[in-house]
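> Submitted below is the structure of interest, expressed as C-alpha cells.
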C-alpha cells in the first residue's frame, strides 16, 4: 500500500521512537534498524545476580513478527526454554539480549535478521529476512561453577549445638523457584520435615545447606539444579534444570547416639539426701520442645507430677534425669526422642521430638522410709518422757518439704491436745511425739504412708506429700495403764458399793455413780484417763457394771476391775 506524505512522516516518527527509547513500534512495511533493540518493561526491586555469558538460564518467551503475528511461545508448551547463554546455542541476538537480565525481569527484544535467521529463515516458520520480536521473562539462572548459597537472616543468641553429619533434624520450610513460585511447603501440611542429614536422605544441596544450623535459626538455602533434581526434575512439581530456594526454620536437632543432658542445675545449699531408683517424687515441670513450644505444664494444673523413678513409670529419659536430685533442686533435662516418645510422639508432642523439661523437685521419699526425728532443744530436766496414753499439749508448725506452710497452732493462738496412741493424729505424728519431755523442741519428718497417704487432705495437704512438723511440747499429763479409764490412787474401800449407794436401797443409779467417781477424782483418791470426756468415761464405767441393762447396778452386779476379765471397767 502506497504511503502519502502524512503516512511517511508517521512511520519515521515511530522508527525514531524505537531507536531512542527502545519502545517497539508497529511496522508499516518498510525497512527497520539493523541494531538489536532492548526494552526493559519490568525490573524487580532486588537483583542479586544478572546473566553472564556461560550461565544457564530458564525463561519464558512469546515470539512474534513485527506485525504482531505469533510464530512461537514457550507458554504454549507449558515449559520454559532452558539453555546456556553465550555458547552459540541461541541466535546471536538472543545471546546478546539475555546478558544482564535479572530473575523476574521482563524484556521486549527486537532482533534484526542479521542477528536472527538471516536471509534463509526457518522453513515454514520464519520467512527470510524476518525481524523478530521476543517478549522475554527470565525465570532462573545458574552457572556450573555455582555452589550452595546460604543466607542466614536470623540466628538465636545462644547456639550450643549445630547440625553435623548423621544428625536427625526437624524443620519447616517453604520451597520456591528463583522467581518466587512456591512448589512446596511444610507449613501447608502443618508438619515438620523430619530427616537425617548428610547420609543421602536429602538432595545434595540440602545436605550441605543444613550443616551448621542452630535450633531456632532461619536461613535461605539456594541450590543449583545439579545439586538438586538435575535435568529431569522430580517428575511432579519441580521442572528440570531448576534452581531451588528453601526458606528453612530449624526446630529440632539430635543424634541417635545422644543421651540425656542435664543443664542449669540450681542445687540448694543443704542437700542431705539425693533421689535413688525406687523413690517416689513430687515435682513441678514445664515441658517444651527445643524451639520453646510449650506442650505441657504441671503448673497449669496447679498440681505436682507424682511418680516413682527408676521403675518405668515415666519415659526412660526422665527416669534417668530425675536420679540424684535434691529436694528443692531445679534442673533442665533434655531428652532425645529415643528416650522420650520416639518416632510416633504422643498427643501434642510430634514424632522424633527432643523434649526439654524444666523441673522443680518439691519432695521425695521411699516406701521403706520411717519418720525422721531431729531434737533441737531439751531442758536440763528431761526425765519424764511421753508414752502411749499420756495427754499432751503442744505447738507445731506443719509444712511441706519445700517450706510451704500448711498449718500452725501458733497462728491460731492455742495448743493442739491429744492422747498419745489413741489414733487422734496420723501414725507418723503419734510416733514422733513419743519419748518427748516437756519443753523439748524437735522436727519430725513424716513420709506420706505414715501421714495422709496418696489422697492427702482436699484443699489442705497434697496427696503423697512428705510432711515436716516443728514441735514444742508444753504439757504432759501421764496417762493410765493400758486398758484402764479410771484408777484408784490408794487402797480401795472394802465397802465400796455401800459408799456409792448412799441411800442404802441396794441399787446404784447413774447419778449416784457419777457423783461418787467425780468426788474421788476431786479429792485425789481416783484418776480418770486424761484427754477424754469425763462424763463419757463415767457413763461407760456404769454401763459395764449394769450387766442386765436395767439402768441400775446391784451389789450382785458390782465388781472391781481386778475381779473382771481383762479390759472390763469398774
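Including glycine, each Cβ sits where the backbone N, Cα and C put it.
In case it helps, Swiss-Prot gives these features for our protein:
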type     : residues                : note
BINDING  : 546, 548, 550, 552, 557 : Ca(2+) 2 binding site
DOMAIN   : 54-142                  : domain 'PPIase FKBP-type 1'
DOMAIN   : 166-254                 : domain 'PPIase FKBP-type 2'
DOMAIN   : 278-365                 : domain 'PPIase FKBP-type 3'
DOMAIN   : 389-477                 : domain 'PPIase FKBP-type 4'
DOMAIN   : 488-523                 : domain 'EF-hand 1'
CARBOHYD : 174                     : N-linked glycosylation site
CARBOHYD : 286                     : N-linked glycosylation site
CARBOHYD : 302                     : N-linked glycosylation site
CARBOHYD : 397                     : N-linked glycosylation site
MOTIF    : 567-570                 : motif 'Prevents secretion from ER'
SIGNAL   : 1-24                    : signal peptide
> Which range wins on Cβ pairs under 8 Å with the domain 'PPIase FKBP-type 4' (389-477): 54-142, 166-254, 278-365, 488-523?
278-365
> Would you please pick out, from the binding-site residues 546, 550, 557, the one with the fewest other Cβ atoms within 10 Å of its Cβ?
550
> Would you mind listing, in sequence order, the residues at least six apart from residue 548 (Ca(2+) 2 binding site) in the same chain with a Cβ closer than 8 Å to its Cβ?
557
> Using the recorded Ca(2+) 2 site (546, 548, 550, 552, 557) as reference, state which further residues of the same chain have their Cβ within 8 Å of the centre of those residues' Cβ atoms, listed in sequence order.
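Going along the sequence, the neighbours come out as 545, 547, 549, 551, 553, 554.
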> Given the glycosylation sites 174, 286, 302, 397, which one has the fewest other C-beta atoms within 10 angstroms of its C-beta?
302
> Long-range neighbours only, meaning 6 or more apart in sequence with Cβ under 8 Å: which ones does residue 552 (Ca(2+) 2 binding site) have?
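Once residues fewer than 6 apart are set aside, residue 552 (Ca(2+) 2 binding site) is near 507, 508, 509, 546.
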> Measuring CA to CA, name the entry from the recorded positions 286, 302, 397, 550 that ends up nearest residue 174 (N-linked glycosylation site).
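Going through 286, 302, 397, 550 one by one, the closest to residue 174 (N-linked glycosylation site) is 286.
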> So if I exclude everything within five residues of the ends of the domain 'EF-hand 1' (488-523), which remaining residues of that chain have a CB under 8 angstroms from its CBs? That is, six or more out.
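Contacts with the domain 'EF-hand 1' (488-523): 534-535, 538-539, 541-542, 545, 551-555, 558, 560.
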> Looking only at the domain 'PPIase FKBP-type 4' (389-477), how are its residues distributed among DSSP helix, strand and coil?
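DSSP composition of the domain 'PPIase FKBP-type 4' (389-477): 13 helix, 37 strand, 39 coil.
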> Can you tell me whether DSSP puts residue 552 (Ca(2+) 2 binding site) in helix, strand or coil?
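Strand, per DSSP.
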> What does the structure give for the C-alpha distance between residue 286 (N-linked glycosylation site) and residue 550 (Ca(2+) 2 binding site)? Integer Å is fine.
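Taking the Cα atoms only, residue 286 (N-linked glycosylation site) lies 69 Å from residue 550 (Ca(2+) 2 binding site).
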> What is the separation, in Å, between the Cα atoms of residue 302 (N-linked glycosylation site) and residue 397 (N-linked glycosylation site)?
23
> Calculate the distance in Å between the alpha carbons (Cα) of residue 397 (N-linked glycosylation site) and residue 550 (Ca(2+) 2 binding site), and round it to a whole number.
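With the alpha carbons as reference points, the distance is 49 Å.
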> Could you tell me how many residues in the domain 'PPIase FKBP-type 3' (278-365) are helical, how many are strand and how many are coil under DSSP?
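Across the domain 'PPIase FKBP-type 3' (278-365), the residues distribute as 13 helix, 38 strand, 37 coil.
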> For residue 174 (N-linked glycosylation site), what is the secondary structure by DSSP, using just helix, strand and coil?
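DSSP assigns residue 174 (N-linked glycosylation site) to strand.
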